[in-house]
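*Asks:* Before I ask anything, let me first share the structure, which is written out below as structure tokens.
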Amino acid sequence: MLPSTIQTLTLFLTSGGVLLSLYVSASLSYLLYSDILLKFSPTEITAPKVPLDCANASNVQAVNRSATKGMTLLLSEPEWTYPRLSCQGSTFQKALLISPHRFGESRGNSAPLIIREPFIACGPKECKHFALTHYAAQPGGYYNGTREDRNKLRHLISVKLGKIPTVENSIFHMAAWSGSACHDGREWTYIGVDGPDSNALIKIKYGEAYTDTYHSYANNILRTQESACNCIGGDCYLMITDGSASGISKCRFLKIREGRIIKEIFPTGRVEHTEECTCGFASNKTIECACRDNSYTAKRPFVKLNVETDTAEIRLMCTETYLDTPRPDDGSITGPCESNGDKGRGGIKGGFVHQRMASKIGRWYSRTMSKTERMGMELYVKYDGDPWTDSDALAPSGVMVSMKEPGWYSFGFEIKDKKCDVPCIGIEMVHDGGKKTWHSAATAIYCLMGSGQLLWDTVTGVDMAL
């Protein structure tokens, strides 16, 4: 039933061959639909047997007042999305390369946009490839400033996954130098941050409408996660942070419903510095995030957010496989799990995605192959356990980008199949032209599929000298 129209619900009641025509208003039909969905099967719902006093109902034409039989309503699937079990597989394989600047000889509307911070988010029917553009294309005359993180020209854009982000293919969602997006099963939520460093502003767009804002709380580069937010039952959770890149930066989570902020969540625990979280569902109850500490440690801050209580806690990952860059030698940090160790200054956003199985859970991570530079990208996995307390090394699972190729930010996302979700990791491969020429990125994508070993790494195929 559509809440925008008045529906006629004809009920054939088997006792005495009674026919009732009920003219149900939009609001009543929607409430009935929602209430039944909460209490019964989403595909076939049997209503309880209750007396129906037709004589006292102003909008019901009574034909026979003896009707008391039950009725069966067939309803469509609920609109909101929920995490499901992952599709079967035991390894990741190379799925897709989006390397826009292989087409850099194109001009005009076919020219590739200059972008950075790409990420992917998926709804029930499509995935979108997002990025932050400098409002410039290659080739072109506006290369100056394309290595800057923040300026007045940057915008959040997207294309359908598999399309090249060119001028003509791209949708410009909003002015932004930091961004996120997610789909709740009904509509897209877009997040953009821009403004001066001392007073930046989060803007929210739901579908085509700009719906809400959130102001800086530490007056020091309010920013978001540069990857997909996460939705369950119509509620979407977004990580934000505000604070020094070389000091304290405490994160928060915003709970957003249909484009409007309905709650702020303040994590407890090890909160000194948390930014650029990559988040996903460990279960229908818990969102987990692997984040970046740019100030104090090469270990990743790891968030557990309970969506039933809307509470979150942060602790450092305990594994001896340190996931940030730069980082010390694996296993070299002594002391308890909360020890920072050395080489904690600086960092990089890391890939993280869940493999939800009936009897166990897999957590897949990515990190650069170089300990000091943004070069190469390797995949790791750990089944079950608790990232807060498990000190064991993560298991290497293959090379996605070799040491000869750039490996910058990485992120996780899930593609929705008909009955299961496909976990994937994306890698930003930056063409670093410095301050004298264009500075942009390709995106490599690896997804869970089949068995065996990860077979092949990715190259961008771009020569900036051409």
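Positions of Cβ are set from backbone N, Cα and C atoms, glycine also.
Annotated topological domain 'Intravirion' per Swiss-Prot: 1-8, in sequence order, evidence recorded as sequence analysis. The transmembrane segment annotation in Swiss-Prot covers 9-31 and is backed by sequence analysis. Marked as region 'Involved in apical transport and lipid raft association' by Swiss-Prot on the basis of sequence analysis: 13-35. Residues or ranges marked as topological domain 'Virion surface' in Swiss-Prot: 32-466. Per Swiss-Prot, region 'Hypervariable stalk region' is recorded for 38-86, and the stated evidence type is sequence analysis. The feature N-linked glycosylation site is assigned by Swiss-Prot to Asn56, Asn64, Asn144, Asn284, with sequence analysis given as support. Marked as disulfide bond by Swiss-Prot: Cys87-Cys420, Cys122-Cys127, Cys182-Cys229, Cys231-Cys236, Cys277-Cys291, Cys279-Cys289, Cys318-Cys337, Cys424-Cys447. For Arg116, Arg150, Glu275, Glu276, Arg292, Arg374, the entry in Swiss-Prot reads substrate binding site, with the evidence type sequence analysis. Among the features that Swiss-Prot reports, active site, nucleophile is placed at Tyr409.
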*Asks:* Which of these recorded positions is closest to Cys424 (disulfide bond) if you go by CA atoms: Arg116, Cys229, Arg374?
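*Replies:* Of all the candidates listed, Cys229 is nearest in space.
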*Asks:* Let me make sure I understand the structure: which of the disulfide-bonded residues listed (Cys87, Cys122, Cys127, Cys279, Cys420) has the fewest other Cβ atoms within 10 A of its Cβ?
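*Replies:* Checked Cys87, Cys122, Cys127, Cys279, Cys420; of these disulfide-bonded residues, fewest Cβ neighbours within 10 Å: Cys420.
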*Asks:* Nearest by CA distance to Cys277 (disulfide bond): which of the recorded positions is it, out of Arg116, Arg150, Tyr409?
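*Replies:* Spatially nearest to Cys277 (disulfide bond) by Cα position is Tyr409.
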*Asks:* Fewest neighbouring Cβ atoms within 10 Å: which of the disulfide-bonded residues Cys182, Cys236, Cys277, Cys318, Cys424?
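*Replies:* Least crowded of the disulfide-bonded residues Cys182, Cys236, Cys277, Cys318, Cys424, by Cβ count within 10 Å, is Cys318.
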*Asks:* Measuring Cα to Cα, how many angstrom lie between Cys289 (disulfide bond) and Glu276 (substrate binding site)?
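*Replies:* Checking the Cα atoms of Cys289 (disulfide bond) and Glu276 (substrate binding site) gives a distance of 9 Å.
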*Asks:* Just to confirm: which same-chain residues, 6+ apart in sequence, have a Cβ under 8 Å from the Cβ of Arg150 (substrate binding site)?
*Replies:* Trp177, Ser178, Asp194, Asp197, Ile221
*Asks:* How far is it from Cys447 (disulfide bond) to Cys182 (disulfide bond), counting Cα to Cα, in Å?
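*Replies:* Here the two Cα atoms are 19 Å apart.
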*Asks:* For Cys231 (disulfide bond), write down the residues of its own chain that are at least 6 apart in sequence and whose Cβ falls under 8 Å from its Cβ; none is a fine answer.
*Replies:* Trp80, Thr81, Cys182, His183, Asp184, Gly185, Thr189, Tyr237
